[in-house]
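TrEMBL annotations:
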- 147-181: repeat 'PPR' (REPEAT)
- 261-295: repeat 'PPR' (REPEAT)
- 296-330: repeat 'PPR' (REPEAT)
- 366-400: repeat 'PPR' (REPEAT)
- 401-435: repeat 'PPR' (REPEAT)
- 436-470: repeat 'PPR' (REPEAT)
- 471-505: repeat 'PPR' (REPEAT)
- 506-540: repeat 'PPR' (REPEAT)
- 541-575: repeat 'PPR' (REPEAT)
- 611-645: repeat 'PPR' (REPEAT)
- 646-680: repeat 'PPR' (REPEAT)
- 681-715: repeat 'PPR' (REPEAT)
Amino acid sequence: MGKLPSSSSLLNGRRNLSILYPSFFSSSFNTIATHIESLSKDSMPVRGLQKKHDRFHNLNGALSLFNKMIDECPKPSIVEFSILLQAIVRMKHYALVVFLGSQMELRGVSHNAYSFTILINCFCHLGKVDFGFSVLGKMLKLGFEPNVVTLSTLINGLCNQSRVSQAVDLFYEMIEKGYRPDSFACNTVLNGLCKSGNTGRAVRMKHYALAVSLGSQMELWGVSHDAYSFNILINCFCQLGKVDFGFSVLGKMLKLGFEPDVVTLSTLINGLCNQSKVSQAASLFDEMIKKGCRPDSVAYNTVLNGLCRTGNTGRAVKFLRTMNERGSEPNIRAYSTLIDCLCKNGLLNEALDLFSEVKVKGIRPNIVIYNCLIHGMCNSGQQQEATKLLNEMVGNNVSPDIFTYNILIDAHCKEGTISEAVNIFNAMRKQGVKPDVVTYNIVVDAWCKERLISESLDMVHTMRKQGIEPDVVTYSTLVDAHCKEGRVSEAEDIVDTMRKEGIEPDVVTYNILVDAYCKERSISKAVDTIATMRKQGVEPDVVTYNIFIDALCKNGMVSEAECIVDTMRKQCIEPNFVTYRTLMLGMCQLGRVSTACELLRKMLTSGEVPDLMTISILLDDFCKRGKLDEALEFFQAMRNSGLKLDTDSYSVVIDGLCKAGQIEVAKELFHELSVNGLKPNVYTYDIVINGLCKEGLLDEAYQLFRSMGDNDCLPVGCCYNVMIQAFLRNSYTSKATELLTEMVGKGFCADLCTAILFVDLILQSNESILI
């Protein structure tokens, strides 16, 4: 693999290269072996050794040949030894190759660049990439210049050890030193970047973006893409949420004559599902079948999982049926996915039907299916049935695991049947399943919520006796329980105990204390706690500041709360919608409506979109306190900001206007809903109908009542009762009776006020009216 024409010698920078230690996952090392060998075939004279090593197919034959060669005089060249070592590499005896390489040196056989690369490859295979770099250092010291294969091997080794950033550094260092990367080197880095292991999401997203950047640079380096690199790039775009770019790559593939395979299309299907574009994913899946590309179980399960994740439960059930029709038998994973989906959506009976189907087909249910069903039963309050299923599970030789027992214990604790939870707790220990810290934390939390702090402390003592140390969750639960009981000093003692036992309080623990101090109006203690947590290396989060801001606002200290927001920003903590909501409520309570509106504008400018519930709360607060002008000012400010309001926000203001007797303005806002693409809901109709009735506009109210169906919003009991009451109060008895009959026919009941009005009517008229 040659250098670029303008390259500078690597020898000038060999010291830098020898100390590089890149990082990440890789593709097959067998590809490296093949790659190395293919590069050497045309450039290495072979003294008949190819024929010799063709005669052995096992390690003994290779070792016999090695012993013969090492004893020959004169000895064979390093080229011939390298071919033999490469043959042993293909047998995957990497440690042995390293040993034989050292024996060669002891017997006077000097290594060359090719044999050094073989040794580097073996060290990388053995997970000793740092030793590989030592070999590289030796190469440089002896005057051998590594080629792109040598460096690609190290890059691959680093990737295989999840040291991606170092692998990327070495790759670009290689290019800077004038080496022309080939498709193998580029694909190695691309693959490494995409297989990030257990790294956090932010790191993974960075790696995907780097892979996309590298993919675009390949063409500048004269490296052609192949199907493998195209598939990697499609996956990167899909993981970055840019599935449309993934389809652009597919278009380029097709233009260059590459046929997409099941991996390509499954990746795009997964990308669409991740963006909740399940309909498009299903369409692509169907197109995939029409084009003769037979989907595998991964493709089927991807679509099924996407349907389940986006709440398309009915479609998911139908899709499972189409699998059978297309000759692809659903596997246990498919059934597990759908059963879990059905349980999470409260469709337990359907999940149990599918469970029966699994058993009829002779598929052995696994622990995942049992746990999903047990969890579903517990969530629907069917603890006894869950226990029966547990017994069936044991009878079928499927051993309950810690998750099974934790589900049951948690369910009983939430139901308040802690004694039953303790029985299951004891039963699991008899079955040899050792409770973990999660199990104990569930029970401790249950006792604390029942305000039985002594029992929770006893449970902590029990877990210690069983050799399970309480964790920060355990202690935080106890701290919270004591604070809620007003026993803050004891909570402080628990925090001291934590520290003595080497468990540092986390931000949750400190937030509990800060909240307790704020509720006691001990603002100075809250400030001291925040200072302490900083000293301990625990940075306050947005929740900490929100608690503090809420306390200041409730004490009328809104200006001080605004200063805290400035402090947050200096600490690189961005306020969230809770922060803004708290401040806006505080400002509104002090009558600072214009300031609250200005804060709303700042909120929108910063990219923090207020939740519509917050807006409704603020508007409702204005209306309830009779500050309708302020409500309208705030409402107008939100509309001017470009924020898309919902029906609930309109309904709050319309309600305030109706109660203030401003029915005409209320009607204008009501009609504005449809102009803005919104539909009034039952609550909105009820408000306006009631407002019209109170103003004596019964005909208009009744006309609006009858038009509800036009907006797919059928009248419910409250709407009927409002109209009936208005008719009765205005002596339209026949209309009221007619509407009452219609209401009862639709399954709604007269409320107390309607009933009283009818009773009064009967008493006044001495007529028998059936209610």
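Even glycines carry a Cβ here, placed using N, Cα and C.
TrEMBL entries are annotated by machine, without manual review.
Within the model, the repeat 'PPR' (541-575) shows a mean pLDDT value of 89, rounded to a whole number. Per-class residue totals from DSSP over the repeat 'PPR' (261-295), listed helix then strand then coil: 26 helix, 0 strand, 9 coil. Residues 402, 405-406, 409-410, 413-414, 416, 418, 421-422, 425, 428, 477-478, 480-482, 485, 501, 503 of the same chain, all 6+ positions outside the repeat 'PPR' (436-470), place their C-beta atoms under 8 angstroms from a C-beta of that stretch.
Shown for the repeat 'PPR' (147-181): DSSP residue counts in helix, strand and coil, namely 26 helix, 2 strand, 7 coil. With DSSP classes pooled into helix, strand and coil, the tally for the repeat 'PPR' (366-400) is 26 helix, 0 strand, 9 coil. Mapped onto DSSP classes, the repeat 'PPR' (401-435) shows 27 helix, 0 strand, 8 coil.
When Cβ-Cβ distances below 8 Å are used as the criterion, the repeat 'PPR' (681-715) is approached by residues 647-648, 650-651, 654-655, 657-659, 661, 663, 666-667, 670, 673, 722-723, 725-727, 730, 732, 735 of the same chain, each at least six residues removed from its ends.
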